[in-house]
Amino acid sequence: MLRSISHLPQCVSPIRRFLLQQKCVPYTTIHELISPEDNDESSLHYAASSPCFLLLSLLDMYAKCGEIKSAYKVFDGITLRNVVCWTSMIAGYVKNDLQEEALVLFNRMRENTVFGNEYTYGTLVMACTKLSALHQGKWCHGCLIKSGIELSSCLVTSLLDMYVKCGDISNARRVFNEHSQVDLVMWTAMIVGYTHNGSADEALSLFHKMKGVGMKPNCVTIASVLSGCGLIGNLELGRLVHGLSIKVGLWDTNVANALVHMYAKCYRNKDARYVFEMEPEKDIVAWNSIISGFSQNGSIHEALFLFHRMNSESVMPNGVTVASLFSACASLGSLAVGSSLHAYSVKLGFLASSSVHVGTALLDFYAKCGDAESARLVFDTIEEKNTITWSAMIGGYGKQGDTKGSLELFEEMLKKQQKPNESTFTSILSACSHTGMVNEGKKYFSSMYKDYNFTPSTKHYTCMVDMLARAGELEQALDIIEKMPIQPDVRCYGAFLHGCGMHSRFDLGEIVIKKMLDLHPDDASYYVLVCNLYASDGRWSQAKEVRNLMKQRGLSKIAGHSTMESEFLAVG
């Protein structure tokens with residue numbers, strides 16, 4: 001704590017100047033100055049008789065030094081509080097991560113018929129953002145509109161940030177659209193918002209509009225657009241943005257890391273490695289970008305090799321690194337490798353410091369490797385479970401055929417008022433599919449969009465098709481494929497054709513084959529499905545014809561990836 005007047009920081013220089021000019025200079029400490037006899041009454045007496053700017057500077061000083069109780073004593077001693085006094089105290093609470101207290105104080109301010117200003121509302125919106133409190137954020141937005149205060153660029157950006165971080169991207173876009181003079185910060189905030197919420201198409205569309213109005217991007221914009229390209233696998237646009245960043249000189253560490261991740265997500269490992277190696281100083285974010293990218297695109301060997309190299313170069317991993325490696329180990333399907341990494345993580349304390357993120361990745365690894373017991377042990381040790389944690393454990397039971405365990409945990413999740421997400425329903429539907437619980441699956445599919453307002457994705461439709469096809473209800477499965485509002489992918493068609501083979505309904509399989517190849521004439525994956533169906537019916541000559549057609553068109557299956565388990569086990 002600051003002890004003398006001369007030690008006051010420059011941020012409160014007005015109070016320094018005032019104190020040094022007054023007869024109170026002989027006091028040797030701030031505390032003696034405010035309360036000579038060390039009691040609250042003299043403190044309030046001094047506060048009441050002091051100039052307003054001095055008290056506000058004093059309040060601000062205490063808040064910035066983390067002495068929020070002392071700041072409140074100064075505030076409480078001011079008898080005639082104007083909007084600046086109230087706002088200063090509200091800002092002090094927010095600076096000290098006491099967002100709830102800030103909102104309570106704002107209510108008191110309104111009860112005292114003191115109206116907020118631009119800075120008041122900007123601070124309150126920041127508090128709601130930190131709390132991820134969408135309801136309170138909307139309420140503050142409503143109060144701001146009713147106040148008649150003109151929305152400045154700063155306020156609009158704060159509102160955008162609040163809605164984006166609270167997951168309400170539609171309201172963020174509404175705020176963006178309603179502002180007449182959109183600056184670069186707002187464009188970038190909206191693009192970043194779409195990217196972070198997984199709406200890469202909208203992010204890229206907005207980037208095109210931004211260029212169309214002559215607005216030049218900055219490094220943050222470029223990095224976010226590259227992330228969007230990676231999310232949807234748009235390599236062509238990613239390359240164009242890469243060229244643009246070089247052409248206009250928009251290059252920094254964030255852009256380089258986003259490029260690495262984009263190329264990795266688009267399966268361009270050589271390009272990702274080239275950008276990575278060209279960076280002179282590789283921080284932990286750079287290493288995480290390439291390791292997580294390779295883990296996600298199935299290049300497990302490369303991901304583990306880079307982790308070894310990272311260790312050899314004395315770069316300390318963090319929770320993100322370890323979580324990415326657990327995902328890689330899950331794809332690898334090796335308990336030995338993942339268990340070694342688990343021990344390594346415990347040794348470095350990652351499970352304690354990043355319990356939710358790393359813990360969820362760890363339990364997902366055990367679940368995918370068939371060790372539901374270890375997955376449940378990890379699940380039970382995570383104190384603050386989020387929706388992803390619950391979904392991973394529900395999915396783990398489902399993969400083991402333990403539908404009862406999945407459904408019981410799902411009901412427990414709802415009782416604890418944890419809202420399920422799309423991934424949760426994917427796990428539940430998959431569990432119902434693998435155990436033939438058709439009626440339950442239909443019920444949960446209906447509940448997903450009726451009770452929780454989720455639009456079914458390709459994964460959800462695929463689960464339904466798989467469930468019905470396995471149960472022999474192939475006409476219903478075909479009806480879903482024909483009526484689903486989005487284009488079925490290779491997994492959806494594969495689930496249906498697998499059911500046709502199981503139940504010898506090759507007549508229905510032929511109907512789907514024709515549609516499938518008309519839509520995807522140049523994708524080898526679909527031809528492989530046809531070969532498999534013909535082989536299951538013993539039609540070897542037709543299967544051979546399909547393989548010959550693939551060769552004529554230059555199509556081939558993607559080769560698998562090698563592993564390096566023995567090398568990894570030496571880590572730690």
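Keep in mind that glycine also has a Cβ here, set from the backbone N, Cα and C atoms.
Applying DSSP to the repeat 'PPR' (82-116) sorts its residues as follows: 26 helix, 0 strand, 9 coil. According to TrEMBL, the repeat 'PPR' annotation covers 82-116 (among others).
With a threshold of 8 Å between CB atoms, the same-chain residues lying at least 6 positions outside the repeat 'PPR' (183-217) that come near it are 153, 156-157, 160-161, 163-164, 167, 169, 172-173, 176, 224-225, 227-229, 231-232, 234, 237, 244, 248, 250. The repeat 'PPR' annotation in TrEMBL covers 183-217 (among others).
Annotation comment: TrEMBL describes 283-317 (among others) as repeat 'PPR'.
What TrEMBL records for 386-420 (among others) is repeat 'PPR'. With a threshold of 8 Å between CB atoms, the same-chain residues lying at least 6 positions outside the repeat 'PPR' (386-420) that come near it are 356, 359-360, 363-364, 366-368, 370, 372, 375-376, 379, 426-428, 430-432, 434-435, 437, 440, 452.
Under the heading repeat 'PPR', TrEMBL lists 421-456 (among others). Distant neighbours of the repeat 'PPR' (421-456): 387-388, 390-391, 394-395, 397-399, 401-403, 406-407, 410, 413, 463-464, 466-468, 470-471, 473, 484; these residues of the same chain sit at least 6 beyond its ends, with a Cβ under 8 Å from one of its Cβ atoms.
Secondary structure of the repeat 'PPR' (386-420), assigned with DSSP and counted as helix (H, G, I), strand (E, B) and coil, comes to 26 helix, 0 strand, 9 coil.
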